[in-house]
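Visitor: Here you go, one structure.
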Amino acid sequence: MPLAQLKEPWPLMELVPLDPENGQTSGEEAGLQPSKDEGVLKEISITHHVKAGSEKADPSHFELLKVLGQGSFGKVFLVRKVTRPDSGHLYAMKVLKKATLKVRDRVRTKMERDILADVNHPFVVKLHYAFQTEGKLYLILDFLRGGDLFTRLSKEVMFTEEDVKFYLAELALGLDHLHSLGIIYRDLKPENILLDEEGHIKLTDFGLSKEAIDHEKKAYSFCGTVEYMAPEVVNRQGHSHSADWWSYGVLMFEMLTGSLPFQGKDRKETMTLILKAKLGMPQFLSTEAQSLLRALFKRNPANRLGSGPDGAEEIKRHVFYSTIDWNKLYRREIKPPFKPAVAQPDDTFYFDTEFTSRTPKDSPGIPPSAGAHQLFRGFSFVATGLMEDDGKPRAPQAPLHSVVQQLHGKNLVFSDGYVVKETIGVGSYSECKRCVHKATNMEYAVKVIDKSKRDPSEEIEILLRYGQHPNIITLKDVYDDGKHVYLVTELMRGGELLDKILRQKFFSEREASFVLHTIGKTVEYLHSQGVVHRDLKPSNILYVDESGNPECLRICDFGFAKQLRAENGLLMTPCYTANFVAPEVLKRQGYDEGCDIWSLGILLYTMLAGYTPFANGPSDTPEEILTRIGSGKFTLSGGNWNTVSETAKDLVSKMLHVDPHQRLTAKQVLQHPWVTQKDKLPQSQLSHQDLQLVKGAMAATYSALNSSKPTPQLKPIESSILAQRRVRKLPSTTL
């Protein structure tokens, strides 16, 4: 089912009485009163032997790039390693001040280090280094560019139960692994579930985790986020790993409905609801989802699914997960439903701007008490994976220049970082200039967009999400001064595709096939992701260098591009699109995809014929050109057509079909014999008209098309209800 993010989730809900508990005291008697043990440390002491690497790390080995988050006793930075063996690699560095940590927090920090050093799992964040100075503790972790699941919920991507199932299944495997090590997570909430750049999850923030000595041992300390707490945590009667499965149910409920199952007006009321309230079960959820939620929301932990001797296997066997291939899931072979919009390696677009806009500064720590250093004695760790099998350090990665991407909307001055050079091109809403980065002297292009004429947010998001494709222009930097947005991209040194082709002394049909194959693959990738370019004229297809190699082509200028969205303006996962999108929305998407294919057909025709199909030159009127386009008639005889293969003519005809819904799809273009059997194509030279005449005719064609339709205005998505509901609860750190 599509998941309705409800304003008020309780109408039409079945109230489910949760099982009464034997021996559980009421909230007034237990969980809602301050515990006399609250100040007593009851954490279990953990010691681990960790195999050391070749050298211990220290703060000087890391270059601070950005602040990612900040809490009451520390910060999280984006850092770059500057020493071998992993120089140039990006990490998240968690810095905790010893002097501001209470004793129980100090033990939690050492616990987090010990747990992470012992855990190696595809869905748990990896610890690479841990060390201390006189006043601080340092944890060096994976830098996960996709942000957290909290962000996904608050931005309300339209997803289905199948999509939620993917995240919950990966989460179940991660929790199962922690439980197998005797670790109770205890702080399971969306903020602590991060996404990598592909969209897979990683559990993080183990400050509240507890390592149990055995399955009979229970923990008693009061910890975690109250809305996600299990009843036995609330009433402090002791809890085991089954408390995590209650929190897992809360997370599942929230992801499926957009609301928390137990939330009062304050902390005390919320705790009372957790201990006593009947659960409102939304009837739009599948029977399988409702069944799993009921099995997880058992107030008696002994009756809760996942608490038995089989542990997580009970969860995995539930009918809700009948479609999951757990082995494929563990191997990360199942494609995530959502790909975060991240591009460059030091990209922090998905972290809170309140933190990322701050100048990174690792402030000196206050001298700690004498006892603090003893507590953290031996607190250092180097991941063994940073060593080769023979004990020699790994070769360093290619050096990364020190351009640090700036957040869109950060109000930094573009000219502080770049010197602007000559104009490259001018459009209706923007102009493009060459620029030089002051710190590195590297050349880029900058597209300066007038915000009063066009909202660039869709273009930025598409470039961030898909710009890592080898044949899509790469976004390097974004600035916003209020009036203009500056998009810094790689510089296209090789010029336009048609310029290069028509200036060649020899250009053959076989070479044209290689060009179309490269561009077709890129368009097929975009269409498969629900993105249509809608302005694929040859002047927007350029070479990144002067080699003329088809693999060096880039599709540029996504100013008219669109991502497939629901009627409410939200993005949709592929599962949502396939099952719940209105026919007229899909028809419109098919029309837009057909327009992209038509543009590729125009390009193919021009490469083969040496002239454009519907315009004779720049002096043709828009009316004349549109009449020819509307008739769907173009010549495939005379000139080059006398030597061009029949398969080429067949492909051109099917790409330029007058009915957009009868044109080939990008996938069908790639499967056409003219593309798949390049070695059979002629290598004879193709002639062409004068370059300026061809380019003038091409410009006239697209000018006529653009004059015949109004330009749609893209509007930014308003803040969601869920985001507003949870904004006051934003965590101080996402790591």
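Any Cβ shown, glycine's included, is placed from N, Cα and C.
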Visitor: Annotation phosphoserine per Swiss-Prot: which of the candidates SER154, SER180, SER380, SER653 has it?
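Guide: So the answer, going by Swiss-Prot, is SER380.
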Visitor: Which number gives the other C-beta atoms within 10 angstroms of the C-beta of THR573 (phosphothreonine), all protein chains shown included?
Guide: 22
Visitor: What is the one among the binding-site residues LEU68, VAL426, CYS432 whose Cβ has the most other Cβ atoms less than or equal to 10 Å away?
Guide: LEU68
Visitor: Sequence gap of 6 or more, C-beta under 8 Å: which same-chain residues meet both conditions with respect to ASP535 (active site, proton acceptor)?
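Guide: ASP535 (active site, proton acceptor) has long-range Cβ partners ASP557, GLY559, PHE560, ALA561, SER599, TYR702.
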Visitor: Rounded to a whole number, how many Å is the Cα of LYS94 (ATP binding site) away from the Cα of THR573 (phosphothreonine)?
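Guide: So the Cα of THR573 (phosphothreonine) lies 33 Å away from that of LYS94 (ATP binding site).
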Visitor: Between the binding-site residues GLY74, LYS94, where is the Cβ count within 10 Å the lowest?
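Guide: Sparsest of the binding-site residues GLY74, LYS94 by Cβ contacts within 10 Å: GLY74.
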Visitor: Determine, to the nearest whole angstrom, how far the Cα atom of GLY74 (ATP binding site) is from the Cα atom of SER307 (phosphoserine).
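Guide: It is 35 Å, counting Cα to Cα.
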Visitor: Which ones in the same chain are close to TYR429 (ATP binding site), with CB under 8 Å and 6+ residues apart in sequence?
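Guide: In sequence order, the residues whose Cβ lies under 8 Å from that of TYR429 (ATP binding site) (at least 6 apart) are ILE449, ASP450, LYS453, ARG454, GLY559.
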